[in-house]
Amino acid sequence: MNSDSEVLTYPNWVFTMFAFFGFLLSIIPLPWHLEAWNTGTCLFMIWTGLACLNQFINSIIWTGNVINWAPVWCDISTRFMIGSAVAIPAASLCINRRLYYIATANAVTITKSERRRAVLVDLGIGIGIPVLEMVLQYIDQGHRFNIFEDIGCYPFTYNTWVAYVVDVTWPLAIGCVSAVYCILSIRSFNKRRAQFKELLSANNNLNSNRYFRLMCLAATEVLCTIPLSCWSIYLNVTSEPIQPWKGWDDTHSDFSRVGQYPSVIWHLNQGTAISLETSRWFVVFCSLVFFAYFGFADEARKNYRAAIDSVAKRVGLSTGGSFGSSLWSSTG
């Protein structure tokens with residue numbers, strides 16, 4: 001493109017490939033995090049992985065077309081997009097809350113009831129809030145959904161003041177709360193360095209290395225969520241006038257309509273194009289950041305080696321020596 005609305009274009013298969021890799025990178029470490037009952041981390045992986053899978057499917061079905069092939073799928077897909085936009089910051093909030101309570105704990109030991117209560121609270125934040133958001137967005141959902149060529153199904157929210165209450169500002173609010181917990185965790189850690197190792201020893205599934213990687217993951221997510229949320233609100237406010245709220249009947253008067261926009265059309269508006277591309281690439285970025293922090297950790301390498309050994313035994317190979325440095329020899 002060659003105008004002041006120029007937006008970087010690329011073959012759609014590039015995103016499709018990265019979205020699939022994002023799904024794999026998010027799901028691969030899930031089993032051993034589930035065993036450790038790291039609720040916030042597991043929620044982050046599940047929501048990010050499913051968001052990547054959702055975008056992967058959409059990018060395949062609607063490459064080069066805007067035909068409404070699967071309306072029921074689009075209903076599910078767009079509702080999931082609304083939830084995941086809140087769920088990923090909410091999972092980060094769960095992680096930051098856990099790190100804060102570890103850093104400020106007075107007792108070294110944690111009872112089973114306290115652990116169970118912490119898990120339930122995390123589930124309430126990481127699942128309950130996104131589900132509530134999926135429901136509330138319907139209040140200001142002007143029509144069923146949009147289809148953008150190469151991108152696929154996309155939710156539509158009528159630009160009224162109600163939208164900012166029930167939908168648009170939620171990621172920013174959650175990100176700000178998460179940032180407060182993150183800052184308090186760092187502050188508490190600096191004050192209680194001597195007691196820190198003793199507190200971590202009470203958490204069998206958390207050592208200092210993993211603690212700092214969790215803190216880096218949550219901090220990175222917060223540093224991305226807050227600016228992106230502010231920018232998203234700015235785009236919503238400036239791209240078109242905020243319409244007055246005229247009631248439920250007016251908002252849903254043409255609800256069954258499906259907007260269909262070829263690539264050449266939605267690329268004409270620079271704000272729309274950047275917003276669409278940013279929203280779908282953000283989940284891929286989250287998966288890459290997670291894998292960068294946890295995909296090469298000691299427990300990850302140990303599990304990779306266990307998986308390789310298991311596969312090797314099934315096909316009749318032996319894997320002697322250290323991980324990544326040994327030559328396989330045939331045993332059969």
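Just so it is clear, glycine is given a Cβ too, placed from its N, Cα and C backbone atoms.
Heads up, TrEMBL stuff is auto-annotated, nobody curated it.
The transmembrane segment annotation in TrEMBL covers 12-32 (among others). Note on the transmembrane segment (12-32): residues 42, 45-46, 48-50, 52-53, 55-56, 59-60, 63-64, 150, 280-281, 283-284, 286-288, 290-291, 294-295, 299-300, 303 of its chain, located 6 or more positions outside it, place their CB under 8 angstroms from a CB of the stretch.
Same-chain residues lying 6 or more positions outside the transmembrane segment (44-64) and placing a CB less than 8 Å from one of its CB atoms are 12-13, 15-16, 19-20, 22-23, 26-27, 29-30, 33, 70, 73, 77, 80-81, 84, 87-88, 91-92, 94-95, 126, 130, 147-153, 217, 221, 280, 283-284, 286-287, 290. The transmembrane segment annotation in TrEMBL covers 44-64 (among others).
Here TrEMBL flags 76-96 (among others) as transmembrane segment. Residues 39-41, 43-44, 47-48, 50-51, 54, 57-58, 122, 125-127, 129-131, 133-134, 137, 145, 152-155, 167, 170-171, 174-175, 177-178, 181-182, 185, 214, 217-218, 221-222, 225, 279, 283, 286 of the same chain, all 6+ positions outside the transmembrane segment (76-96), place their C-beta atoms under 8 angstroms from a C-beta of that stretch.
Only residues 6 or more beyond the boundaries of the transmembrane segment (117-139), in the same chain, are considered here, and those with a CB under 8 A from a CB of the stretch are 37, 39-40, 43, 47, 79-80, 82-87, 90-91, 93-94, 97-98, 101, 155, 157, 162, 166-167, 170, 174, 248, 251. For 117-139 (among others), the entry in TrEMBL reads transmembrane segment.
Summarising the annotation, TrEMBL assigns transmembrane segment to 168-190 (among others).
Positions annotated as transmembrane segment by TrEMBL: 211-234 (among others). Long-range contacts of the transmembrane segment (211-234) within its own chain (CB-CB distance under 8 A, at least 6 residues past either end) are made by residues 41, 44, 88-89, 92, 95-96, 98-99, 102, 164, 168-169, 171-172, 174-176, 178-179, 182, 185-186, 200, 275, 278, 282, 285-286, 289-290, 293-294, 297.
If you look up TrEMBL, you'll see 278-296 (among others) marked as transmembrane segment.
Sequence-distant contacts of the transmembrane segment (168-190), counting only residues of its own chain at least 6 positions beyond either end whose CB sits under 8 Å from a CB of the stretch, comprise 85-86, 89-90, 92-93, 96-97, 99-100, 103-104, 129, 133, 157, 196, 215, 218-219, 221-222, 225-226, 228-230, 232-233, 236.
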